[in-house]
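A short worksheet on the structure shown next.
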Amino acid sequence: MQYTEIMVRYGELSTKGKNRNDFIGRLNGNVTKALHEYKQLRIHPKRDRMHIILNGDDAEGVIERLRHVFGIQNFSPSIEVNRDLDSVKETALAMMKEIGKPGMTFKVNTRRSDHNFFLDTNDMNRELGGYLSDELPELEVQMKKPDITLRVEIRQDAIYLTNQVIQGAGGLPVGSAGKGMLMLSGGIDSPVAGYLTLKRGVDIEMVHFFSPPYTSDNALNKAKELTAKLVPYVGGIKFIEVPFTEIQEEVKHSVPEGYLMTIQRRMMLRLTDQIRAKRQGLAIFNGESVGQVASQTLESMMAINDVTTTPIVRPVATMDKNEIIEIAKDIDTYDLSIMPFEDCCTIFAPPAPKTRPNLDKTRFYEQRIDVDALIERSLVGVKVTEIKAGDQFLNQDEEIIAELL
């Protein structure tokens, strides 16, 4: 079936009032970026929906890209026909012959934006439904929950037919809610937090701490590969590498074992906050889930958050681990996340970290290290790259990956 257009229906944009045009403009930019390889198509954003005119470009490829664009509620590949009833009947019959099977049910659903057309919606439903029923007696008309809904849209320029409604990614257009920094480890939770953050319209930059020689190149590349899994939702993501070796060594040497984790996290948060300020971010996001590990009790969060007044947003804070894992599998980050490459969150991990660290003691022990000097030297070594669609960083050999898992 040769589709001529894809009709895109907006998600939460319909609730955004006077900001609606800004949101549509942002979505238009994101769709344009997602479809940049398709040179023939044209995108026409309207107030109530977006029309992507294919001009011969591959519909299936475009559909696959659109599935990942946040801000789209659903979309329908459509066929344009002339504004006469015979053309509509001919195209509708060909479409139904291709998709219909004996015993299936159908109905016709017409939407008319051009009220000057000689048939209203009910008349078109009856006329076209009756014709198809006569021509295809093996199909049965059914108004409630039919197998096939043939949608007819009557516009001033043409009439459009479709039989599919494909669910989009939902959410808000990425960038419409500002920019934030995501603290990305190599685990399961933070990539899921990144996905959920993007879905709420926040453009994210990844902040990843690495500690060579204690962490390997594979650990760093794993974090980049996890970032690449989220790129289809946005088109490109900045990846910020922050050297953390000296800080971890100094904290381990100077701080009681039970407070190692707390003070390391405070240093990570300070660094992320300074990077955020320099790069005009508005908030910090992470993959913490309340009570999941020692650093994620409310007492630990309070002791760690003490170093900044910047909003810390935790998209998976109230989720069970199984809920997080399900999302990780859906977005294809789970298998990567469980690859056994240690990141800096797991090295030097004390056997019995404080689950309820005392804030005054935390501040006291932290005075044993030169916080400002350590932060300054780490920031000098920060490296920023952009990860784009198709970038690969780990060995893609399936047998090697299977052995790691």
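Note that Cβ sites are derived from N, Cα and C of the backbone, with glycine treated the same way.
Taken from Swiss-Prot, the feature domain 'THUMP' applies to 60-165, supported by sequence analysis.
The C-beta environment of His208 (ATP binding site), restricted to residues of the same chain at least 6 apart in sequence and closer than 8 Å, consists of Leu184, Ser185, Leu220, Ala223, Phe239, Ile240, Glu241, Val242. The feature ATP binding site is assigned by Swiss-Prot to Met183, Leu184, His208, Phe209, Arg265, Gly287, Gln296, with sequence analysis given as support.
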Which one is it: of the binding-site residues Met183, Leu184, Phe209, Gly287, Gln296, which Cβ has the fewest other Cβ atoms within 10 Å in this structure?
Gln296
Give me the long-range Cβ neighbours of Arg265 (ATP binding site): same chain, 6+ apart, Cβ under 8 Å, in sequence order.
Ser295, Ser300, Ile304
Span of the ATP site, taken as the largest CA to CA distance across Met183, Leu184, His208, Phe209, Arg265, Gly287, Gln296 (Å, rounded to a whole number):
18
The domain 'THUMP' (60-165): mean pLDDT?
95
